[in-house]
Amino acid sequence: MFSVKPMKPTFKSYLPPVQTDVKKTFEPPIKKLEPKLLQGEIVVNEVNFVRKCISAESSQDDLWGKLICTNFKVSFIPQDASSKQKSQLSHLLLGDHDIPLTCLEQVVTVNDTKGKKKVLGSNQKLKFNPTELILYCKDLRIIRFCFGEAGPEGAKKVCLAIAHYSHPADLQLLFGFEYQGRRYHESKGERVNGSTPREGLRTPIFDRPSDLDREIKRTGASEWRVCSVNEGFAISQSLPEFIVVPVSLADEDLKKYSVFFTDRRIPLWCWNHPNGSALVRMAVISEPLQQRRIDQKIFTAITKSHPQRSEVLRSDLDKCLPNIQDIQSGFVKVRQICVIDHFEESDERWFSSIENSRWLEYVRAFLKHSAEIVYQLDGKNASVILQEEEDRDLNCVVSSLVQLMLDPHYRSLVGFQSLVQKEWVMAGHRFLDRCNHLKKNDKEESPLFLLFLDCVSQMLSQYPAAFEFTESYLTVLSDSMWIPLFSTFLFNSSKQQAKHLMDFAKNKAIPHGEDQVVYFPPVWDWSQQFSPKDQTLFNNPMYVGKGAACVQNGEVKTFRRTKKAYSHTLRGMPASLRNGTKVGEDTLTRRGSLVSELRSDFSPVKDESPSERFFRDWFSRPADQQGLLIPLLVPSHLALWKLYFLRWVPEACIPKGGPITAYRKLSQLVDEIEILQNRLRQYKGRGPGNGPLPSPSGPLSDQRRMYFKASSPHDPPSPSDVLTSSFPFSPTGNLCRGGSHGTPISKFLNGARIWLSTETLNDTV
Amino acid sequence: MEKQAGAAGAAEAAGPNRKPWGLPSSGPNTGETPESPTGSHVEWCKQLIAATISSQISGSVPSDINRDSKARRRPDFMNLPALRYGAQVTMSQNQVPLLPGETVQTTVKDVMYICPFSGLVNGTLTITDYKLYFTSVERESPFILDVNLGVISRLETISVPNQGENTKGLELVCKDMRSPRFAYKTEESNPDVVELLAKHAFPLSHSLPLFAFLYKEQFPVDGWKVYDPTAEYRRQGLPNESWTFSKMNSSYELCDTYPSILVIPTNIAEDDIKRVAVFRAKHRIPVLSWIHPESQATIIRCSQPLVGPSDRRCKEDEHYLQIIMDANAQSHKLTIFDARQSSVAVTNKAKDGGFESESFYPNVELNFLEIPNIHVMRESLRKMKDVVYPTIDEAHWHSAIDQTHWLEYIRLLLSGAAKVADKLESGKSSVVVHCSDGWDRTAQLTSLAMLMLDSHYRTLRGFQVLVEKEWISFGHKFAARVGHGDENHANSERSPLFVQFIDCVWQMTRQFPAAFEFNELFLITVLDHLYSCLFGTFLYNSEQERAAKEVQTQTVSLWSYINSQVEDFTNPFYVDYEHHVLYPLVSSRHLELWTAYYARWNPRMRPQVPVHQTLKELLLLRGELQRRVDELQRDATSHSLTSSSEHSPAHSTPLHSAV
């Protein structure tokens with residue numbers, strides 16, 4: 001119990017011990033520092049003898065090396081290869097010190113001695129020689145370089161190059177187009193006798209009728225059909241080519257009605273409840289005079305598609321949810337508090353600051369509204385139309401959250417990806433504009449997708465066994481938005497995607513008729529970015545879904561929930577309860593409820609609305625991880641998404657702590673269970689007395705699902721020191737806000753005035 | 001991914017249905033339905049496991065797992081070890097579960113419970129000498145409210161409009177952040193409810209014994225044996241050449257609020273110690289609390305020196321601290337952490353107290369930790385009650401928490417303790433900790449620092465030792481701070497210092513979910529019995545008082561209860577961080593309001609299925625699979641005559657693996 005303590009950590013130092021000088025002398029004084037380049041990547045400019053700042057307090061851990069700007073990324077190659085900065089998650093396309101140009105939010109140059117600083121845009125001039133370069137990144141990193149020993153002209157050139165190349169004039173100039181073109185041709189030989197990437201990709205893309213057909217069958221939406229009226233984008237510029245519509249609406253009707261909708265976006269089917277209710281999304285009807293008539297036609301058609309001919313309810317999201325500017329400004333504020341403001345000062349009134357940012361309030365608003373839609377679909381058995389001006393922003397968030405709550409399929413990894421594909425990518429969320437990849441129009445920028453991921457992370461933390469994926473997965477997915485190599489987050493609509501990719505195919509001599517997914521893959525093929533081992537970090541050991549393994553007849557099979565059981569969870573409650581007419585108080589709220597007001601002490605519960613009753617009833621019963629899930633919306637249960645917002649903040653990183661330590665224990669346990677199941681299967685497969693005894697070893701390590709493996713006596717002791725609350729990310733070298741101590745310029749930079757672009761936006765809203 | 005909380009859910013599992021003598025205070029929710037959400041999730045997992053295993057055994061395809069059947073007939077081998085001592089509860093005539101030694105005082109019919117969440121509930125109120133028990137059969141499923149009387153801080157009459165003239169209202173303002181209210185008819189025939197409640201809620205004010213002296217439960221484990229001071233000091237490697245066990249206080253003659261066994265420097269004369277005692281407030285001399293196994297740096301605790309306005313000196317005290325410094329060869333410095341605000345320490349000089357002057361104590365470094373006093377803490381928690389009970393302001397939840405300053409004080413305490421720990425661990429320097437009397441903030445700081453430094457205290461038993469040692473034996477005035485059985489609710493001596501300490505521990509368990517052997521239910525249970533007066537553990541102000549009252553022979557220890565069913569209080573994520581010093585991140589970013597404790601009476605604040613539940617189920621599954629593998633392996637070996645191949649059973653991760 002009481003023995004020597006080999007570890008000597010202090011709460012100040014989360015960095016590994018400083019390298020000894022002895023080691024350094026063995027290295028040649030100047031190495032040739034070569035960047036790792038991808039196919040088609042070229043070096044634009046570079047400068048040597050640059051110092052990358054690791055810690056704001058002292059420069060002793062700083063790294064010396066070469067700063068390089070390519071047509072894809074900003075890269076830093078340290079002299080000392082045994083870098084202190086090491087991420088647990090190694091990206092296959094990006095090094096620990098690399099930042100894709102698309103990930104840059106702002107490029108700031110500073111001259112320390114002259115007290116000058118300038119935010120650099122495209123094609124700008126710089127009148128001073130920069131001594132420092134600060135890169136503010138969209139994934140919230142802040143990276144600083146000092147040019148003290150570098151040639152002033154070289155430093156200036158690199159800064160200007162970075163600024164210029166991070167503001168591409170045209171979408172086609174994003175590096176993905178160059179990269180995927182080269183990649184297509186260079187890997188063509190390998191594909192001839194293998195399977196195509198499309199076949200390897202389990203996530204449906206929804207760019208073809210068969211994907212939609214499968215979804216119709218899966219949800220039992222027999223009164224809905226795939227319609228190709230928008231093939232070739234004949235009607236709408238932003239709808240996908242194939243959509244699902246009520247069977248009672250003919251193509252001709254749809255064409256007629258389409259002219260009255262914003263951007264001719266006719267209603268789009270999203271999902272069917274087993275009870276027959278449908279979730280539909282649409283834009284507003286732009287011609288007021290026609291509104292009533294068109295509404296009626298649409299409503300009638302949707303009613304006809306409901307087996308019980310239930311009513312159709314409409315939810316106007318523009319009226320009840322924050323708009324995209326609100327969301328952007330909330331994000332800017334929460335980012336300011338988390339990564340830019342002085343750590344200790346912002347700690348003083350932390351909760352109030354978080355409240356003032358309103359980010360969590362928005363997260364809650366979207367979850368709450370989605371839960372209300374769930375009530376209408378599930379509790380009232382009504383079909384719901386989500387309506388929004390353009391049907392391309394808020395509708396994406398709400399429709400996907402509703403489906404996530406109602407349908408366990410979307411809580412599996414592939415299901416979740418198909419949901420994003422269906423409700424975001426194909427439905428025409430303007431990823432290009434909202435991400436502001438071209439940095440052309442700050443007013444269009446808004447982190448809708450991140451808000452959605454935050455909502456998902458809230459549900460994940462409330463129902464940890466209901467999702468096949470982890471918080472790390474959601475964070476990595478958000479980071480992928482800023483890597484321009486995948487088609488998923490680059491376009492505003494499938495039409496824009498089709499057009500650009502057709503031009504691209506022409507330019508790169510890709511044969512006509514070749515599948516887009518093959519020559520410009522989506523993000524969902526994770527092997528593009530991560531090794532199989534690292535991808536296991538996405539697997540949630542607690543998942544009890546149908547993907548979870550169990551053993552049947554000596555075979556490891558996946559646990560399957562029959563349709564009967566599935567619909568039972570949704571339909572199983574007595575009809576009287578569902579209608580909210582049950583008399584008397586059977587239960588008190590036991591697990592929290594969404595009832596928004598507490599009644600005064602003396603009023604018995606009789607004025608409860610049906611929706612309040614629905615939620616109360618749901619919360620009074622145990623949650624079925626594979627059934628309907630409603631998030632708890634009390635403020636205490638919605639917390640800042642720490643992994644996303646605080647992972648780079650060195651002062652906020654808990655060494656040896658954080659949720660990952662529990663995750664590790666669970667992973668090891670699940671791994672051990674899988675080894676045991678495997679051995680059990682081997683024993684069962686072998687009759688008594690014949691054949692050799694199976695070897696006690698488990699499955700090959702690369703086939704194991706868990707990142708942390710069950711320990712064996714031969715393993716070296718696990719490196720628990722790499723486990724921090726930031727895991728699998730590392731704050732080291734990724735967030736350096738202050739300048740060297742006490743210089744006036746550093747104080748200036750600490751202030752709130754850094755995010756000039758977005759600040760301006762706030763003022764105008 | 002990890003919302004580990006789950007205490008309320010877990011607490012429900014330990015409600016009266018399973019462990020009738022268990023938690024003294026079950027919420028309005030506990031008894032409503034026999035199946036708690038947690039319980040049902042357990043069932044669900046069990047079915048999954050059962051299906052997996054039965055298919056293994058029979059080779060048949062498992063039938064569809066139907067949630068509706070809820071495994072009323074659960075496979076026998078899946079039974080969790082539970083209900084081991086449940087049989088000892090008897091039911092009174094009115095179906096009120098009674099503890100051994102508990103007697104019903106009165107039963108009143110037609111009482112209304114004024115639920116702040118769902119309105120009025122009509123039912124029957126039973127008052128025993130331990131609890132208040134309200135049941136209603138009005139609703140479809142029975143409603144039960146079980147409040148132990150020890151938790152009541154004061155009784156207030158309230159007005160009840162629109163309920164008839166002879167209806168009285170009563171509010172029980174509780175120490176654990178709730179205030180249940182009742183309305184009842186006053187009739188000649190009925191005994192006075194308020195009078196009866198007051199009598200048994202505040203027995204000491206009515207010359208009655210505390211319930212702990214009436215409670216007659218027998219547990220297989222004797223919790224009074226948990227803490228043996230000499231064994232604990234031996235574990236630390238004491239006595240050694242510099243430190244010795246002193247018998248000077250064996251009958252509390254040196255200091256009546258200190259324990260009988262003290263660890264003091266070897267090279268010091270008894271007369272000198274007596275002079276030091278005179279110079280220290282309440283005679284609480286500097287004594288060793290903990291020693292670093294490598295550097296021999298020590299944590300010393302004491303009270304303030306009686307410097308007074310004239311800057312009095314005490315040569316023996318100065319010499320004594322010099323010896324303490326010299327006992328640690330690694331450092332030529334001694335650091336004193338005065339927990340108080342420096343301004344307050346200065347004011348204390350006028351009241352004959354004060355602090356060590358760096359000019360009189362050579363090589364001593366004095367630091368003030370700027371922690372406010374007990375009155376500030378009491379006020380802070382009172383504000384917190386307004387924030388969490390009965391209603392919460394959703395729009396301003398976060399700023400309301402900020403305004404209580406509760407988490408700010410938690411931050412001050414944790415950072416103070418981290419400074420103490422770091423001084424020992426990194427600075428290799430011995431540390432003296434005191435406040436004014438050395439029994440409030442001092443206990444908080446030393447025990448938290450030791451929790452960071454010594455992994456033994458992070459085990460279930462080790463933590464009990466820590467509480468017994470730093471809090472109970474060193475005279476934290478539990479009776480005065482909690483006000484056991486005393487009706488004087490406005491007494492300014494009361495303050496939630498121990499609650500604050502447990503909150504700090506909880507914050508650490510949140511940051512290091514795998515580093516503590518005990519779970520959240522354990523911490524909540526400890527706090528519940530801080531008030532309940534069911535166990536003798538937290539009664540009285542000092543070891544001397546407890547000895548006089550024969551607490552160890554007349555009452556049951558809380559640890560008897562806990563250690564008789566450790567599996568309920570064990571953290572399944574536990575991995576022994578044996579040689580690790582763990583510093584919590586002392587930032588508001590990682591401090592949270594412990595809603596599973598403070599806001600647990602609000603049904604809307606319930607957490608979902610606790611994560612650790614899943615792990616427990618997985619542990620069961622692993623155990624079962626392991627058993628099957630071993631069985632088949634035995635079969636296979638007996639069938640095959642070729643004994644050449646050797647098979648050891650798969651190495652299994654021990655339940656508590658080490659890092």
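Placed from the backbone N, Cα and C atoms, the Cβ positions cover glycine too.
There are 28 other CB atoms within 10 A of the CB of B:C435 (active site, phosphocysteine intermediate), with all protein chains counted. The active site, phosphocysteine intermediate annotation in TrEMBL covers B:C435.
What TrEMBL records for B:N348, B:K349, B:A350, B:K351, B:N373, B:I374, B:C435, B:S436, B:D437, B:G438, B:W439, B:D440, B:R441 is substrate binding site. In the three-state DSSP scheme, B:A350 (substrate binding site) is classed as helix. Note on B:A350 (substrate binding site): other Cβ atoms within 10 Å of its Cβ, all shown chains, come to 10.
The annotation compositional bias 'Low complexity' is assigned in TrEMBL to B:1-15 (among others).
For B:26-39, the entry in TrEMBL reads compositional bias 'Polar residues'.
Annotation source TrEMBL lists compositional bias 'Low complexity' at B:638-653 (among others).
According to TrEMBL, the domain 'Myotubularin phosphatase' annotation covers B:223-598. Model confidence over the domain 'Myotubularin phosphatase' (B:223-598) stands at 95, taken as the mean pLDDT rounded to a whole number.
The domain 'Tyrosine specific protein phosphatases' annotation in TrEMBL covers B:404-451.
TrEMBL lists B:1-40 (among others) with the feature region 'Disordered'.
The region 'Disordered' feature in TrEMBL is assigned to B:632-659 (among others).
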Subject >> Cα-to-Cα gap, B:A350 (substrate binding site) vs B:C435 (active site, phosphocysteine intermediate), nearest whole Å >> reply: 16
**OP:** Would you mind listing, in sequence order, the residues at least six apart from B:N348 (substrate binding site) in the same chain with a Cβ closer than 8 Å to its Cβ?
**Re:** B:Q304, B:R340, B:G354, B:F355, B:S436
**OP:** Express in Å, rounded to the nearest integer, the largest CA to CA distance found among the substrate-binding residues B:N348, B:K349, B:A350, B:K351, B:N373, B:I374, B:C435, B:S436, B:D437, B:G438, B:W439, B:D440, B:R441 named in the record.
**Re:** 21
**OP:** Provide the number of Cβ atoms within 10 Å of the Cβ of B:R441 (substrate binding site), excluding the reference atom itself.
**Re:** 29
Subject >> Least Cβ-crowded entry, counting other Cβ within 10 Å, from the binding-site residues listed as B:N373, B:D437, B:W439 >> reply: B:N373
Subject >> Between B:N373 (substrate binding site) and B:C435 (active site, phosphocysteine intermediate), the C-alpha gap once rounded to whole angstrom >> reply: 9
**OP:** Could you break down the residues of the domain 'Tyrosine specific protein phosphatases' (B:404-451) into DSSP helix, strand and coil, giving a count for each?
**Re:** 32 helix, 5 strand, 11 coil
